[in-house]
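Look at Swiss-Prot and you will find R37, E38, D42, R150, G151, G152, H153, T154, E174 tagged as D-ribulose 5-phosphate binding site, backed by sequence analysis. The Mg(2+) 2 binding site annotation in Swiss-Prot covers E38, H153 and is backed by sequence analysis. Sequence annotations record features per position, and here Swiss-Prot assigns Mg(2+) 1 binding site to E38. If you look up Swiss-Prot, you'll see H136, E174 marked as site 'Essential for catalytic activity'.
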Amino acid sequence: MNQTLLSSFGTPFERVELALDALREGRGVMVLDDEDRENEGDMIFPAETMTVEQMALTIRHGSGIVCLCITEDRRKQLDLPMMVQNNTSAYGTGFTVTIEAAEGVTTGVSAADRVTTVRAAIADGAKPSDLNRPGHVFPLRAQAGGVLTRGGHTEATIDLMTLAGFKPAGVLCELTNDNGTMARAPECIAFAGQHNMAVVTIEDLVAYRLAHERKVS
């Protein structure tokens, strides 16, 4: 990742701390992965606090595939089957079947409806009957161990939410350019600046976790 582009956001450790502060303040974070991986930036928000306005921003500027990152325990609690039994996608992204809140939504497409679906899925006592399938929110099952196991946006989202003190659940969507192409690091960083988002890389998060968990052990 081009460190010159990221230098205005601090050192790798500072970027993680600023990202955690942003999440606690109810703001979004732009998470970048490696240039030799997907080379994309994902907007992420805590599932607990994401607003309708933030969802609308995500839908307007993102790929349209609004994903809810969850743990395996939550997937089992909601009885969500994986989308396919044999995952042959390039990076093994853990899609489950799509979901919609069973109550409180109309078509499920609007920003408000998608927030309602997210809240229904992460509620403490959520049960399978609280959700209809299919729907317009795409759950992603994170790998246990987070970014130390798999360097994906899904795992980064769960790790960041956990470190920030939230439930291990977050919403992500890939940033796209106005012409429909995928936004790369320069566009992602510019967008983050325009929308008061922190910027962090998965590489930053790996280093942060390794350092902090080494201290604990």
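Note that the numbers count up from 1, one per residue, in the order the chain is shown.
Any Cβ shown, glycine's included, is placed from N, Cα and C.
According to DSSP, H153 (D-ribulose 5-phosphate binding site) is assigned to a helical segment. Taking the Cα atom of each, H136 (site 'Essential for catalytic activity') and D42 (D-ribulose 5-phosphate binding site) are about 18 angstrom apart.
Shown are the binding-site residues D42, E174; the one with the most C-beta atoms within 10 angstroms of its own C-beta is D42.
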